[in-house]
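Asker: Have a look at this one before I ask anything.
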Amino acid sequence: MKFFAVFALCVASVSAANLDAIAKPGFPAGRIINGHEAEKGEAPFIVSLKAGKGHFCGGSIIAENWVLTAGHCLIFDEFEIVAGLHSRNDESDVQIRKVTGKHQQIVHEKYGGGVGPNDIGLIYVDKPFNLNALTRDGTAAVAKVNLPTGKYESTGEGKLYGWGLDNSGFSPNILNTLDVNIIGYEECKNALNSDAPLDPVNICSYTAGAIDGACNGDSGGPMVRITPDGTELVGIVSWGYQPCASTTMPSVYTWTSAFDKWIEDSIENYAQLL
């Protein structure tokens, strides 16, 4: 399922140079523009959220019982979490966990819905993920990603992952990735329209003049940085300007470090209910 805010109405005569002027904030259409296939086992922490037979959002395993995603993704009472997925056509190494109700979902209490700040959510799974399982070729099938510790910067070179539509508009069978340049709130604010619903709890990916904005990944999916201590989840895909395949504006993410206390407290409070 795809999520959209109110998009700009574009006619065929509008030139690419004018698209940024009419672009509107919206949720990503789940696209990896100018990306390439990820290596198997490169991102064992990413999960696919599926309702019925359809992928609707991404997420990241942060503990054996917990997945971190965008708040706007948690709209269904029941859905499946598919971990260990690399190729859509091969589910031989996947682990599937069922979410049976809202009692397994936590959306940030200050998230107001739609495009805006505090777009973050947690999912609890009753059956823990097996984080020690290996695929048939010996790669890690499922693993958790590190949350930022503050030791390393959240900005700089990063990577984005997702199964979204590619340049041609087709959904790839293989997990895709894209190298991105991560910028902080102030720099992102200067690159966006003055009325953009940006908040200090956001970070962005941006390459000036490049058309690789909000299409770059599934809502709720991970933006990571590779550090000497492992892969850190620095951002969660939140929103970007639409039409995403044409705008040169930044993509906007929930900045994970801004919610480290909320994540910790939410998990601890939930544990007391079990």
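Numbering starts at 1 and runs along the chain as displayed.
Cβ coordinates are placed from backbone N, Cα and C, and glycine is handled just like the others.
What Swiss-Prot records for 1-16 is signal peptide, and it gives sequence analysis as the kind of evidence. As annotated by Swiss-Prot, domain 'Peptidase S1' applies to 32-268, with the evidence given as sequence analysis. Among the features that Swiss-Prot reports, disulfide bond is placed at Cys57-Cys73, Cys188-Cys204, Cys215-Cys244. The annotation active site, charge relay system is assigned in Swiss-Prot to His72, Asp119, Ser219 on the grounds of similarity to another entry.
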Asker: Among His72, Asp119, Cys204, these being the recorded positions, pick the one whose CA is nearest to that of Ser219 (active site, charge relay system).
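Answerer: Smallest Cα separation from Ser219 (active site, charge relay system) among His72, Asp119, Cys204: His72.
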Asker: Nearest by CA distance to Asp119 (active site, charge relay system): which of the recorded positions is it, out of Cys57, His72, Cys73, Cys188, Cys204?
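Answerer: Going through Cys57, His72, Cys73, Cys188, Cys204 one by one, the closest to Asp119 (active site, charge relay system) is His72.
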Asker: Check the Cα-Cα distances from Cys57 (disulfide bond) to the recorded positions His72, Cys188, Cys204 and tell me which is shortest.
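Answerer: Spatially nearest to Cys57 (disulfide bond) by Cα position is His72.
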Asker: Cα-Cα, whole number of Å: Cys188 (disulfide bond) versus His72 (active site, charge relay system)?
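Answerer: Cα of Cys188 (disulfide bond) to Cα of His72 (active site, charge relay system) measures 21 Å after rounding.
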